[in-house]
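Listed in TrEMBL:
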TRANSMEM  25-48  transmembrane segment
DOMAIN    41-288  domain 'G-protein coupled receptors family 1 profile'
TRANSMEM  60-78  transmembrane segment
TRANSMEM  98-120  transmembrane segment
TRANSMEM  140-164  transmembrane segment
TRANSMEM  193-226  transmembrane segment
TRANSMEM  238-260  transmembrane segment
TRANSMEM  272-290  transmembrane segment
Amino acid sequence: MEVGNTTRVTVFVLQGLSNNPHIQIVLFVIFLVIYLLTLTGNLLMLLVIRTDSHLHTPMYFFLSQLSFLDAFYSSVIVPKLLKNLLSKWKTISFLECFTQISLVIFSGATEACLLSVMAYDRYQAVCHPLLYVVTMNKKVCAGLAGASWAIGMGTGLLNTILLAQQDFCGPNLIRSFACELPPVLLLACSDPYISIASILTTMVVLGLGSLVLLVGSYTCIILTALGMNSATGWNKIFSTCSSHFLVVTIFYGSGIFRYMTPPSGSALEQVLSLQYSVVTPLLNPLIYSLKNQEVKAALRRMLARKLRLTF
């Protein structure tokens, strides 16, 4: 479509991970397995938390929100990636591309909020145990979860609408396997100042803001643990919080570097994108199930019930 003397891009081409057909087939199998395991792991976490009354607590309520989000986030990225690995023409329409960008930002922002809320929940449980039931009641938990989803949705829409105002007049090759804001922004032929300012503001206010809340919560938790004389209490606190801390480290380590550094289309950027959009949603349920005694006990109870019903 031409606007004046400028041709406006209506379709983008995703560069993908490799042009070698044999490598593409291998990658297709690998990412298909990862995707199926991601869906299975996260949906299993949802099922266990929902069916086991021992896990009907604020901590596991927020964990169920995270599991649902991870399954959703993986479904935004991986199906299109799998399709392109087997396709000769790796195109994506303007509308589909910007929808994917919006959902990626939405998922990342919502996860940042949920991780902060989970850290706050652990802070209340460890530092104010006597008031925990009152402070983290069902209404408060629902409000915090709803606010996380609302902030994520608003952040995704705002940044995508501002990006869509840019002029894209070619080239239309996205140096990535998915539509993400940094590589698409490289293709804008108009001044991208507003979009850059928007995403940087988002990262500072939401990204660093939620990180400060996380660090503050865990600092208080560690100080409380250090003041305990009981080794049992110390071990219980760190067995509960270590899983969450590991998830936070992986999420922020890759996400902040990806969005806070100038895009270049390098192989490192591709690896980081794969980590937080494909690998992290798989790791989260594994980390929480393998490092959490309550979840493992709930899984055993669920399997035992299934066996009794079968035989």
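Note: Cβ is positioned from N, Cα and C throughout, glycine not excepted.
Proximity of the transmembrane segment (60-78) to the transmembrane segment (193-226) is not established, fewer than 3 Cβ-Cβ distances being under 8 Å for residue pairs spaced 6 or more apart. Along the domain 'G-protein coupled receptors family 1 profile' (41-288), the predicted structure has mean pLDDT 84.
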